[in-house]
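Colleague: Here it is: the structure, laid out below.
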Amino acid sequence: MAGLQLMTPASSPMGPFFGLPWQQEAIHDNIYTPRKYQVELLEAALDHNIIVCLNSGSGKTFIAVLLSKELSYQIRGDFSKNAKRTVFLVNSEKQVSQQVSAVRTHTDLKVGEYSDLQKTQCWAKEKWYQEFQTHQVLVMTCHIFLNVLKTGNVSLSNINLLVFDECHLAIQDHPYRDIMKICESCQTCPRILGLTASILNGKCDPHDLEEKIQNLEEILRSNAETATDLVVLDRYASQPCEIVLDCGPYVDRSGLYQRLLNELDEALNFLTDCNISTHSKERDSTIISKQILSDCWAVLLVLGPWCADKVAGMMVRELQKYIKHEQEELHRKFLLFTDTILRKIHALCEEHFSPASLDMKFVTPKVIKLLEILRKYKPYERQQFESVEWYNNRNQDNYVSWSDSEDDDDDEDEEIEEKEKTETSFPSPFTNILCGIIFVERRYTAVVLNRLIKEAGKQDPELAYISSNFITGHGIGKNQPRNKQMEVEFRKQEEVLRKFRAHETNLLIATSIVEEGVDIPKCNLVVRFDLPSEYRSYVQSKGRARAPISNYIMLADSDKIKAFEEDLKTYKAIEKILRNKCSKSMDCGNTESEPIVDDDEIFPPYVLRQDDGSPRVTINTAIGHINRYCARLPSDPFTHLAPKCRTRELPDGPYRSTLYLPINSPLRAPIVGPPMNCARLAERAVALICCKKLHEIGELDDHLMPVGKETVKYEEELDLHDEEETSVPGRPGSTKRRQCYPKAIPECLRNSYPKPGQPCYLYVIGMVLTTPLPDELNFRRRKLYPPEDTTRCFGILTAKPIPQIPHFPVYTRSGEVTISIELKKSGFSLNLEQLELITRLHRYIFSHILRLEKPALEFKPTVADCAYCVLPLNVVNDSGTLDIDFKFVEDIEKSEARTGIPNTQYSAEGPFIFKLEDYQDAVIIPRYRNFDQPHRFYVADVYTDLTPLSKFPSPEYETFAEYYKTKYNLDLTNLNQPLLDVDHTSSRLNLLTPRHLNQKGKALPLSSAEKRKAKWESLQNKQILVPELCAIHPVPASLWRKAVCLPSILYRLHCLLTAEELRAQTAIDAGVGVKSLPEDFRYPNLDFGWKRSIDGKTFISNQSFSAMERESDCRLDITTVPDSATSSAAHHVMYTQMNDQMSVNCTPPCPKSLSDLQGVCFSDDCKAINGITCNGLTNGNWEAESGVCFQKDELIACKQEIPEKSTSFHVQNLPNDNQPILNECTLSKKFLDGNVGKPISDECPSTCTSDINYESGLSSGYSSKTLGPNPGLILQALTLSNASDGFNLERLEMLGDSFLKHAITTYLFCTYPDSHEGRLSYMRSKKVSNCNLYRLGKKKGSPSRMVVSIFDPPVNWLPPGYIVNQDKNCDKWESNETSGESVMANGKIDEDFEDEEDEDLMWRNPKEETDFDDDFLEYDQEHIKFIDNMLMGSGAFVKKIQLSAFAPPDQNYEWRPPKKPPLESAPFRSEFDDFDYSSWDAMCYLDPSKAVEEDDFVVGFWNPSEENGGADAGKQSISYDLHTEQCIADKSIADCVEALLGCYLTSCGERAAQLFLCSLGLKVLPEVRKPVTNTSTRGNYSLDGRTNSELSCKGIEYGYLKIPPRCMFEHPEAEKTLDHLISGFENFEKKINYQFKNKAYLLQAFTHASYHYNTITDCYQRLEFLGDAILDYLITKHLYEDPRQHSPGVLTDLRSALVNNTIFASLAVKYDYHKYFKAISPELFHVIDDFVQFQLEKNEMQGMDSELRRSEEDEEKEEDIEVPKAMGDIFESLAGAIYMDSGMSLETVWRVYYPMMQPLIEKFSANVPRSPVRELLEMEPETAKFSPAERTYDGKVRVMVEVVGKGKFKGVGRSYRIAKSAAARRALRSLKANQSQVPNS
């Protein structure tokens, strides 16, 4: 064995890493990166006649088609005017159509096909002339062409290119030969391209081969060139060390071998002798038997008895299957005979050895030799290699970076990092140093040899390191049809290859199939177990040994070794001949050995600074630098950009090289090197010169490394800001990071408290009922009270004028009321006494009528930021005008019922006297209960037919009088008085949106009208009071109803003024709009755009809906929305089951009502009935939740049987037994958006379906274009969807987002004409990043102006004149015991819990304030983790979360942490950062039934701890006050900036939007002159949340972008080259219906980076960068303006369905873009080919997916067809080209593109596609899990998705994304199929 000296990696001098197999793509240092051989062959073919010797058919097509395309400028003209034609010749008729389709697919040339000799022979000359006239490429069989030439119908001088397929035929006597003879006599012979794959068939003699090639070259007058796939793969790779080992003969000591051999021989002879007459139809009965026995015989021969035994056992099992299925008697007999033989063999073996252990006596010498070789590869122990040096030596050309990033620049600690990474990246680089393949001939040999090696590994520790597997190419060929059986096999094989590729196995035993086409890593050991029998087999197995140090070992038996040595000589000779034929042949066997000594002297290095350690490029390292630079240029997966070097010998001897860089490098001119005395030096010298030039133009940095996209030269662009120092955790700009901001107070309301004797302004709050509540929504058949019917109303008294703002709606019980704020009088003053009176009344309204005062708030109008007064107005002194109603104010001051219950005594002597008029417009207070906080009721009706003696509705009491006597011990003095039907005064103070509509303006489901009617007419469901027992409140009901609207009115006023202020501010900063509006101008009303969505269809009841349809005259006609648009379901559940509702919007502490939510009942002790509990303080809304936690938005149907006999509630003590309780509570997904996780579906986040079309009614010739956007629209842009308002910023944000991208893209494109796309897109992504937008938004002060959370007056609204009192914040209401009865949610004692009017039917699901993060998946995980932690008690909430049952009304409302958190409560963790603390989703998991008083939750202050947790309590944690501050995620601020941009864009146009961006600090326009003073210091917040130093842009003027000057390079022959290159493009221009003025744009749009023949323009990448943004904007804008008014969710889906590569690529193919595409990339060529074929079959577009599906039936192998990105790219780049060519006109681009896109836009708008991955995650949010990617045998990616409990689904594709969507699609198909089968279960 000593003779075997292997160069194993472990023994190699450079340390084992050198031989590591996974150094896949090394960057060469001494030669230019080799280009693909097809590319080189094409280059040769353009230069001279060649014969291409290629192995694969596809490569030949590529060269032939591209060559004809490159020469096509010669054939496009008119045949009669000397244009030429191209002819493809094939040998047989079958091949004609193949060639035709290839040419048609890839070019726009007209192709004629001729295959029928008989038919064409009789054609006359005219007929042929006509054919040549109409076609440019003619494909025909050689016989036809010969005939045409002979008859003189066409002469060869009219042909520019002759392609001979299978040109080797010309050696024999063949038409090809005759055609070439005719060529000889022709003066202008066409260019000739010969294609052959069969120059090497079977064995051939090198001498013959050489002769054959020379012969062929002479006949075809061409040079034969072969591609590298016939020579060892890459001629630049180091050659493996080849070793032939003689293994010696097998000594059969036991005689077993001989016996087995005899048995098998006999059996085989017997089978051969069986002469069964077989008809040709029948199967030969002995075939299977022969096959099996001969396999067994071969194994015995090659591997020995031990293996023969193993294989016999395997075959017996196989035979059993055959025997079982065999029908025919004779066949069975033979099979049974075989079976017997095999069993006999097994028996014989058993006598000699136990089957378990491996005995070396019974294996052949070959096997023993093999095991010896493998022992050599045993790795060393790890410790030896702990030193870092040989880990990575950057100067070696096979330096491998272990980090993922390709962009690593040298830094000191890199090496150490690398070292750590290796530990994790691979199982362990050391144990797997071997990466080997053993080639065997037969399938069974592979299987058994694998078992043998495994067995040997068990017994021999030296071999234990081997982890082997076998692969037998069984059906692995790419294109055979595969059945199920083979499919399984195929999967197994793929798995084997995956493991080998991942180095989980280090040895592969393979049959020859793996020689070809399978993607396998570079091996360092290849063993031919059976000798290669022909050259091809030799070269391909050898070609697998591609690691830098590798061995190619051939094992030979002694008897064969002589013969093989001859063969090997032959192979070597053939290889040498082919090598010389190798295109651009360059034999580098000797290059390595040349001494590289004093090259530096020959040519000095390029050094940056003259010191020793300075970066330098020497003549020896220059080439590596150039290769590295090219590799870093942007390119697609198919193109590996490489430099091109041409070296010529100069006449006087020296060599000179010219270097061409790829066309997307800014250095475009060819670099000519100095003359050098050898070719290699010439190449190195030119590289050195090139490095110098690249450094000078800034493409190499000062370390002489390629400049990454990050180290951009355009620092000013990125405005690299010092990131604010902040202790806030989370990545800036993300949703995870939230910060607090003061809520803005409009300047005009700030410090506006009137002072005595100073001029004041009095505004009247006008209220008009514009849309009365329709009957079907008026459940109680209440009378409607239009506010305009009574003259007394409210006004605002302020010291400052209030700007004009649009009218806006509020929604009261009577319907939609339009509010206007009109100036009544100004310039008057009041004295101190009057002011004090007014102030007291103002306070009275908020503290008593609205009950908004609470300990945390203090009334201090003189100190408060915002302190105007609200006061009653009335028509006074018969003047008919409104004025302050001092008399009324004074009356109230005097009234006894003003605050408490008046103490009136009636007696028999002075009985109660009923006066009807006192009760007509009254609010009454029951005097006998709830003394601390009496209830107030509106009188709805006076029942004159009832008296206290009337029958009581429930059986316990006879009469009303008896009830009061029994229950309250009250005697009535007047038994004839009528009774009063009353309604609760409103507790719902948020009237911004209507109750019966959800946020999108969709009506909620109602129960049937009949049920409701019956219910409301029964006395049991009414509150009936006795007038004598009630006091009358001094404030009349009509005014009270108006007072209830005040919080909503003032809040909306406040917001609109903030928006107006922003509009004025922008007018100053950006010069868009006017600072102050004209006097006579008012913007149109604020409207949700819902007008017509409220129609009969939306209600379940069928009554006509006339009331809503009548538009009142003061309404504008506003763009409206058909139902379909609003169909995405609510994200707020609003239940309208009248009596049993949860009145949701109440705030815990003072809700006035607590009723049922469809079957959620409260029994006395508030325990859960049947698992349904009402739990959770979420954002101050009571949320009802069924016992199931609603996770995400799964469809939940929780059918709960609720016991009929739940405890009744007393309604005025009327027992109420048959309270209607619904029997099921089915919360469908439509109405329930669970509380966990962000809504992902489009059903949720969207609110406003329309953006208000404010243009429609602008009065008096002004327009928002000149004045600036409507404050209503600005407010929309400031409102997050979390605020649950009638509108939000989402639609505007999407529009702004796409315009922002467009504006920045155009700016960068025009400003940096020399930057390549990688840099431009890096700059763009930095500028449009959320982080940057957040910074700009913050600088502008947007966060303070934003509307972030739901308006909930008792919790987060600060009434005017109040301040938050910091000291009292912790006051706490301790005891929960009130007279021993449980306190109900509304603070009443439960025994007189009244079934109140359900004020708010909305079940608001307080939602995270951001809806979509970059990766919505992460969210749910976060939320779930959060909830788990909560439930585990790791948060600040402890295991038993305590919640006071319900806090009583006058408790303070601040969040505080629990009073005494037990020790085990861990601090809050940072993963909670993404919570909106004001809307506490998680709390809904807490169970109130466990509540205890002491750990009371209070709702107004919230202290989330910092990142590192509250453990170190010394740190200040952010706590914020809900009244004056808001907590906003950074990303929401970025969204708001985009929405504001959208708002300016829609209102004022594109130029205004660009100016707006400039004023923000995002440069999208060039500056005309520098500002005089630029005060853009970073804004500091003053208290009011505005920046102190507003960015003053007044000094800067912005100009217009200029089109970059040149699109064509200076070039002597530029025009001529251009005409050549775009010949034929006029047809394309016709097709798209646009003529280019500058054709260079057209050429650039179609030039791929690999197309180096275009020397006059850039490649399409820059235009694609531009076009991408333009199309995105145009399509988004089109969708936004769609009259269907899509909701934000639909808009997002449509946008991603239409703006994606698949759609663009499909359209590009549909409109023939691919035929004009200029690229030289073999892989890309094939992908496009596949895709085009696929599109033809499919002939229709598919949405969303980058993968269009191939046929669906083949479930197992669903491989998606790949969409060539380049096709989508040129679709975009053409848009960019048109934009530039048309002088930057978006209209022109849309004119060309809309007709192409329209059918799809229509199709998708009608039926919105969703990406399969998203759809699956929405369908199965909890259970769908995607696996990491695995590689398949041909290098694709496979992904598996498991839907827990429903199965696993695989998808395959070229990238993870593609495979993932394929897997998701299959999962969906399966899930949907299952759903449809079990609808009823």
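Using N, Cα and C of the backbone, Cβ positions are placed for all residues, glycine too.
Below are the features I grabbed from Swiss-Prot:
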- LEU54, ASN55, SER56, GLY57, SER58, GLY59, LYS60, THR61: ATP binding site (BINDING)
- GLU1293, ASP1371, GLU1374: Mg(2+) 1 binding site (BINDING)
- GLU1664, ASP1769, GLU1772: Mg(2+) 2 binding site (BINDING)
- 41-217: domain 'Helicase ATP-binding' (DOMAIN)
- 425-594: domain 'Helicase C-terminal' (DOMAIN)
- 622-714: domain 'Dicer dsRNA-binding fold' (DOMAIN)
- 887-1034: domain 'PAZ' (DOMAIN)
- 1249-1380: domain 'RNase III 1' (DOMAIN)
- 1625-1783: domain 'RNase III 2' (DOMAIN)
- 1808-1873: domain 'DRBM' (DOMAIN)
- 165-168: motif 'DECH box' (MOTIF)
- LYS1765: site 'Important for activity' (SITE)
Colleague: In the motif 'DECH box' (165-168), how many residues does DSSP call helix, how many strand, and how many coil?
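Modeller: Counting residues per DSSP class in the motif 'DECH box' (165-168), I get 2 helix, 1 strand, 1 coil.
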Colleague: Using a 10 Å cut-off, grab the number of neighbouring Cβ atoms around the Cβ of LYS60 (ATP binding site), all chains included.
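Modeller: So the number of other Cβ atoms within 10 Å of LYS60 (ATP binding site) is 25.
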Colleague: Around the C-beta of GLU1664 (Mg(2+) 2 binding site), how many further C-beta atoms are within 10 angstroms, looking at every protein chain?
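Modeller: Counting Cβ neighbours of GLU1664 (Mg(2+) 2 binding site) within 10 Å gives 24.
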Colleague: Out of GLU1664, LYS1765, GLU1772, point to the one nearest LYS60 (ATP binding site) in space (Cα versus Cα); all of them are recorded positions in the record.
Modeller: LYS1765
Colleague: For the recorded Mg(2+) 2 site, enumerate neighbouring residues of the same chain (Cβ within 8 Å of the Cβ centroid of GLU1664, ASP1769, GLU1772, site residues themselves excluded), in sequence order.
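Modeller: Close Cβ neighbours, site residues excluded: TYR1660, GLN1661, LEU1663, PHE1665, GLY1667, ASP1668, PHE1704, GLY1768, ILE1770, PHE1771, SER1773, GLY1776.
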Colleague: List the helix, strand and coil residue totals of the domain 'DRBM' (1808-1873) as derived from DSSP.
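Modeller: Breakdown, helix to coil: 26 helix, 19 strand, 21 coil.
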Colleague: Let me check the 10 A CB neighbour count of GLU1772 (Mg(2+) 2 binding site). How many other CB atoms are there?
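Modeller: The answer is 25.
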Colleague: In whole Å, note down how far the CA of THR61 (ATP binding site) lies from the CA of ASP1769 (Mg(2+) 2 binding site).
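Modeller: So the Cα of THR61 (ATP binding site) lies 24 Å away from that of ASP1769 (Mg(2+) 2 binding site).
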Colleague: Name the one residue among GLU1293, GLU1664, LYS1765, GLU1772 whose Cα is closest in three-dimensional space to that of THR61 (ATP binding site); these are the recorded positions.
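Modeller: That would be LYS1765, nearest by Cα distance.
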Colleague: Quick one: Cα separation, GLU1664 (Mg(2+) 2 binding site) versus GLU1293 (Mg(2+) 1 binding site), in Å?
Modeller: 24
Colleague: Check the domain 'DRBM' (1808-1873) for me and report the mean pLDDT.
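Modeller: PLDDT averaged over the stretch: 81.
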Colleague: Return the member of LEU54, GLY59, GLU1293, LYS1765 nearest to GLU1772 (Mg(2+) 2 binding site) in space, with distance defined Cα to Cα and candidates limited to these recorded positions.
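Modeller: Given the candidates LEU54, GLY59, GLU1293, LYS1765, the nearest one is LYS1765.
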Colleague: Counting distance between Cα atoms, which of the binding-site residues LEU54, GLY59, GLU1293 is nearest LYS1765 (site 'Important for activity')?
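Modeller: Sorting the binding-site residues by distance from LYS1765 (site 'Important for activity'), the top entry is GLY59.
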Colleague: Give me the DSSP three-state residue breakdown of the domain 'Dicer dsRNA-binding fold' (622-714), ordered helix, strand, coil.
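Modeller: Going through the domain 'Dicer dsRNA-binding fold' (622-714) residue by residue, I get 29 helix, 17 strand, 47 coil.
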Colleague: Could you round the CA separation between GLU1293 (Mg(2+) 1 binding site) and GLY59 (ATP binding site) to a whole angstrom and send it over?
Modeller: 49
Colleague: According to DSSP, folded down to helix, strand and coil, what is GLU1772 (Mg(2+) 2 binding site)?
Modeller: helix
Colleague: Applying a 10 Å Cβ distance cut-off over all chains shown, what neighbour count does LYS1765 (site 'Important for activity') have?
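Modeller: A count of 19.
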Colleague: Around LEU54 (ATP binding site), how many other C-beta atoms are within 10 angstroms of its C-beta?
Modeller: 24
Colleague: Check GLU1664 (Mg(2+) 2 binding site) against DSSP and tell me helix, strand or coil, would you?
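Modeller: Reduced to three states, the DSSP call for GLU1664 (Mg(2+) 2 binding site) is helix.
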